[in-house]
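The next block holds one structure in the form of structure tokens; read it before the comments.
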Amino acid sequence: MLAMMLQPLQALQQIAIRCIRLCCHVVERYICVFIIVMDVVDLLKDEILNLRKKLMEKEAVLRQHQTQMYEKAEEKGLYKKLTNVEIDRYSRQIIMPEIGMKGQQALKNSSVLVVGAGGLGCPSALYLTGAGVGHIGIVDYDKVKLNNLHRQLLHPETSTGQPKVLSAFNSLKRLNSFVHITPYDMQLDSTNALDAIRDYDVVVDATDNVATRYLLNDACVLTDRPLVSGSALQLEGQLTVYNYNNGPCYRCLFPVPPPPETVTNCGDGGVLGAVPGVIGVLQALETLKILLGHQGVVTKKLLLFDASDCSFRNVRLRDRNPSCAICGNEPSITALVDYEQFCGSKANDKHNSIHLLDNVDRISTGTYHDVRSEPHILIDVRSPLEFEICHLPGSLNVPLKDLASEQLVQPLKEVITKKGSSDKDFPVFVVCRRGNDSQKGVLALRETLSGLNVSVKDIIGGLHSWAKDIDPSFPVY
Ligand SMILES: Nc1ncnc2c1ncn2[C@@H]1O[C@H](COP(=O)(O)OP(=O)(O)OP(=O)(O)O)[C@@H](O)[C@H]1O
Ligand SMILES: [Zn+2]
């Protein structure tokens, strides 16, 4: 009787087992197919990468031959005139009355040094190369980083980790093999700037730091070269040509460098890629106008570009200062100086660590990792926008500038009073992106939290160290 009652149940069980087996089989097949597709994708990616490498090797050999040919031809004075291919290639600008054969010929016989192969240097060099400037030098000491690619469009993904000048050289040569490109993988400084600049007619300042701006300015004044200067940050850009047509030099307008802490760079302030794109292209345009001897070069005035409403504004600049230290009537500077010392900042925009706190007031990311399960408060002093990109679990976001405000710190005080016990200092840790602002945060909090039993320390190296030493999956920006 019992066996009869169980029969349909067993049949159902069998059907269920079959169904499950069938499902497993289907899932297994899907996984297999997925794995096979993934394998094919990986294989194709590897193959394409190898082909690209081979292509680059072949292109390098070709360029070597072309360079030799160029040099031999130049020795014989052969390349002074435009070839028929060049006439065809540049015909759309040659037929303009402002350029003509003479203008194109002039471009072919001119040379431009682009300093910086970054956000401004890439678009600048791109249009100078396209226009057929005969010789372009490009200087940079840095390597291509992943976070350069959104705006430094001469660098393809495959260049990441490569010297920027090599990457720029390859892209420019691929674009126009008629142009002679000289890459300089080096930092321009007082020891090499004059020699580098003397070989070129015009200098484009596409760098990102104040020390190099003064260096280029002085070097251009001493060698009598126009300096096409540009800058871009966030949604704004600026452009002017210094030391041209009796106009002012950079020192005439800014005899004293700004305090280093007031200078914001792209790494901290951010920049929308198309903004340096606009300014870089305008730098190329002004350079071409100088080489062609055109009127209307942006000198003795400053062009201001505001991308938020796409407005361009020209403001008049002061005239050349007769008592300027470098271009004045009786200059006190007659040779290049130490620009890092003069500006009190490095000739790069790389992050410099500051030391405001004693070691006892700081903890490593490893120590924080070990104590994070114990009661404490972690304050992240970055901006809310940065906090949104990534943050450590349980951290409170109080931006550095708000730490000095009694009113804004009041809720924090309440949390500490609630959590802390009176017999032991309650631990408060401060974190930021790289470990500088967190130290400032500790100093500010010591003021605003005075009177409370707290021990305030910062985390050395900030979230960058956390990602490097503790959690490699943590985003870095
Ligand atoms: N003295 C110098 N000599 C050679 N190259 C320089 C010098 N100073 C700055 N540069 C280069 O100028 C370029 C400026 O580019 P950009 O302003 O786009 O900044 P970045 O350093 O590439 O990027 P980010 O600031 O976002 O890290 C950089 O590639 C930098 O290496
Ligand atoms: Zn001057």
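Note that Cβ sites are derived from N, Cα and C of the backbone, with glycine treated the same way.
When Asp140, Asp201 are compared with the ATP site residues Gly119, Asn147, Asn148, Leu149, His150, Arg151, Lys164, Asp208, Asn209 in TrEMBL, the one appearing in that site is Asp140. Checked against TrEMBL, the range among 41-68, 237-264, 405-432 recorded as coiled coil is 41-68. Long-range Cβ neighbours of Arg151 (ATP binding site) (same chain, at least 6 residues apart, Cβ-Cβ under 8 Å): Gly118, Gly119, Cys122, Val271, Gly273, Ala274, Pro276, Gly277. Separation of the C-alpha atoms of Cys324 (Zn(2+) binding site) and Cys266 (active site, glycyl thioester intermediate): 30 Å, rounded to the nearest whole number. Looking only at the recorded positions Cys252, Cys266, Cys327, Cys432, the one with its C-alpha closest to Asp208 (ATP binding site) is Cys266.
Confidence for the coiled coil (41-68), expressed as mean pLDDT, is 78. Per DSSP, the domain 'Rhodanese' (372-475) is made up of 44 helix, 18 strand, 42 coil. Neighbours of the Zn(2+) site: apart from Cys249, Cys252, Cys324, Cys327, residues of the same chain with C-beta atoms within 8 angstroms of the site's C-beta centroid are Asn217, Val221, Tyr242, Asn243, Pro248, Tyr250, Arg251, Leu253, Arg320, Asn321, Ala325, Ile326, Gly328. DSSP classifies Cys266 (active site, glycyl thioester intermediate) as helix under the three-state reduction.
Counting only same-chain residues six or more apart in sequence, the Cβ atoms lying under 8 angstroms from the Cβ of Cys432 (active site, cysteine persulfide intermediate) belong to Asp380, Val381, Arg382, Leu400, Ser438, Gly441, Asp458, Gly462, Leu463.
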